[in-house]
Amino acid sequence: MSAVPFSKISTPLNALFATIGLLVVAALTTQGLTGQERLVFELLLAAIWLAYVLQLSGTLLSRRRRLSGEMTALVIDLLAVLVPAAAFLFVGSRDRDLYCAIWLLKPLRDSTFFRLLAKVVANESRNLLGVTSVFGIVLFGAALAGYIIERDVQPDKFGSIPQAMWWAVVTLSTTGYGDEIPQSLAGRVLAGLVMMSGIGIFALWAGILATGFYEEVRRQDFVRNWQLVAAVPLFQKLGSAALIEIVRALRPRIVPAGAVICRKGEVGDQMFFIVEGRVTVATPDHPVELGAGNFFGEMALISGDPRSATVSAATEVSLLSLYAVDFQILSSSSPEIAETIRKTALERRGGPPKE
């Protein structure tokens with residue numbers, strides 16, 4: 001079997017291999033395993049390692065494609081193979097299996113999450129730094145107050161600010177006491193205030209990151225939809241302001257090959273623009289194929305007529321759908337867009353465009 005197909009091991013399969021491997025690593029640390037059981041586990045680890053070797057080979061053989069987009073996958077594939085191999089050669093038999101824990105990274109090789117996380121952190125760095133500064137101030141203030149209040153009561157635990165700082169860290173980051181508990185009333189009041197401050201600070205961090213993720217995902221969706229809309233010939237002559245209105249109204253949709261998009265006789269509530277792929281229109285005479293740049297289902301928006309034909313996906317097709325409600329909003333806010341769609345639809349049907 002060629003090594004190249006192994007470069008296409010899916011993310012779920014990578015996760016499955018990694019999960020099995022890590023469970024085996026955990027099992028090998030238990031006491032009382034027989035020699036036969038240990039051998040079976042070792043062979044299972046070797047089989048997963050060989051699968052990763054084939055995946056790495058496939059990745060290296062397909063380097064003709066863009067290098068930057070696959071660099072993360074290549075690095076993870078290399079680590080998944082080289083780290084266990086180096087451990088087998090240079091580490092004692094007791095601990096060498098533990099190095100297979102590097103397979104924790106395998107499910108992330110095709111993930112875009114860390115790129116998204118890096119963008120969010122970069123965008124929100126000023127706010128995150130501000131909250132971190134507040135955390136540091138509260139941390140030192142809590143340690144100082146704990147030292148002053150508890151140093152005579154518990155000198156072994158609060159005898160210095162560095163000692164009290166451990167209590168402050170634990171109290172700020174958890175709800176409840178850690179291994180050090182204030183004994184005085186003032187110390188307990190301080191602990192309650194520190195715990196509430198910690199809840200507020202971590203809520204600020206979480207809120208900033210959640211808002212940043214939402215804004216970044218929305219921005220990426222807007223850029224992707226803009227590119228899809230700009231690829232439709234019907235909209236290529238429109239200005240930026242009009243395109244923005246369309247991007248807000250159109251909704252992307254992926255339809256698998258063979259799926260029915262709309263059926264003859266149905267009451268339609270949307271029209272479709274083909275961005276990529278082909279669809280088959282079942283006309284009375286013979287089927288007609290439409291490709292990228294074409295649209296269909298427009299009469300449902302213009303005249304409200306039922307669907308005149310059944311349309312199905314000849315291949316996997318990327319569509320942009322415009323609902324009747326959004327079409328009415330576009331007609332009010334940007335009449336030129338609605339008029340362009342209306343004229344083009346009537347011309348396709350052989351009728352004169354309405355002036």
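Just so it is clear, glycine is given a Cβ too, placed from its N, Cα and C backbone atoms.
Following the DSSP three-state reduction, the secondary structure of GLY297 (3',5'-cyclic AMP binding site) is coil. For GLY297, GLU298, ARG307, SER308, ARG348, the entry in Swiss-Prot reads 3',5'-cyclic AMP binding site, with the evidence type similarity to another entry.
Annotation source Swiss-Prot lists intramembrane segment at 161-179, citing similarity to another entry.
Summarising the annotation, Swiss-Prot assigns motif 'Selectivity filter' to 174-179.
For 1-12 (among others), the entry in Swiss-Prot reads topological domain 'Cytoplasmic', with the evidence type similarity to another entry. Mean model confidence for the topological domain 'Cytoplasmic' (1-12) is a pLDDT of 52.
If you look up Swiss-Prot, you'll see 31-38 (among others) marked as topological domain 'Periplasmic'.
Marked as topological domain 'Cytoplasmic' by Swiss-Prot: 62-73 (among others).
Under 8 Å from some Cβ of the topological domain 'Cytoplasmic' (112-128) lie the Cβ atoms of residues 72, 205, 208-209, 211-213, 215-217, 220, all in the same chain and six or more residues away from its ends. The topological domain 'Cytoplasmic' annotation in Swiss-Prot covers 112-128 (among others).
Using a Cβ-Cβ cut-off under 8 Å and counting only residues 6 or more beyond its ends in the same chain, the topological domain 'Periplasmic' (150-160) has close neighbours at 167, 180, 182-184, 187. Per Swiss-Prot, the feature topological domain 'Periplasmic' maps to 150-160 (among others); the stated evidence is similarity to another entry.
Residues 146, 149-150, 153-154, 157-158, 166-167, 170, 190-191 of the same chain lie 6 or more positions beyond the ends of the topological domain 'Periplasmic' (180-184) yet place their CB under 8 Å from a CB of it. The topological domain 'Periplasmic' feature in Swiss-Prot is assigned to 180-184 (among others).
Sorting the topological domain 'Cytoplasmic' (210-355) by DSSP state (H, G, I as helix; E, B as strand; all else coil) yields 62 helix, 35 strand, 49 coil. Here Swiss-Prot flags 210-355 (among others) as topological domain 'Cytoplasmic'.
Swiss-Prot lists 13-30 (among others) with the feature transmembrane segment, giving similarity to another entry as the kind of evidence. Long-range neighbours of the transmembrane segment (13-30) within the same chain, counting only residues 6 or more positions beyond its ends whose Cβ lies under 8 Å from a Cβ of the stretch, are 38, 41-42, 44-45, 48, 51-52, 97-98, 100-101, 103-104, 106-107, 109-110.
Marked as transmembrane segment by Swiss-Prot on the basis of similarity to another entry: 39-61 (among others).
The feature transmembrane segment is assigned by Swiss-Prot to 74-93 (among others).
A Cβ distance under 8 Å defines the sequence-distant neighbours of the transmembrane segment (94-111), meaning residues of its chain 6+ beyond its ends; these are 11, 14-15, 17-18, 21-22, 24-25, 28-29, 42, 45, 48-49, 52, 72-73, 76-77, 79-80, 83-84, 86-88. What Swiss-Prot records for 94-111 (among others) is transmembrane segment.
Look at Swiss-Prot and you will find 129-149 (among others) tagged as transmembrane segment.
As annotated by Swiss-Prot, transmembrane segment applies to 185-209 (among others), with the evidence given as similarity to another entry.
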Can you count the other CB atoms that lie within 10 A of the CB of GLY297 (3',5'-cyclic AMP binding site)? 24
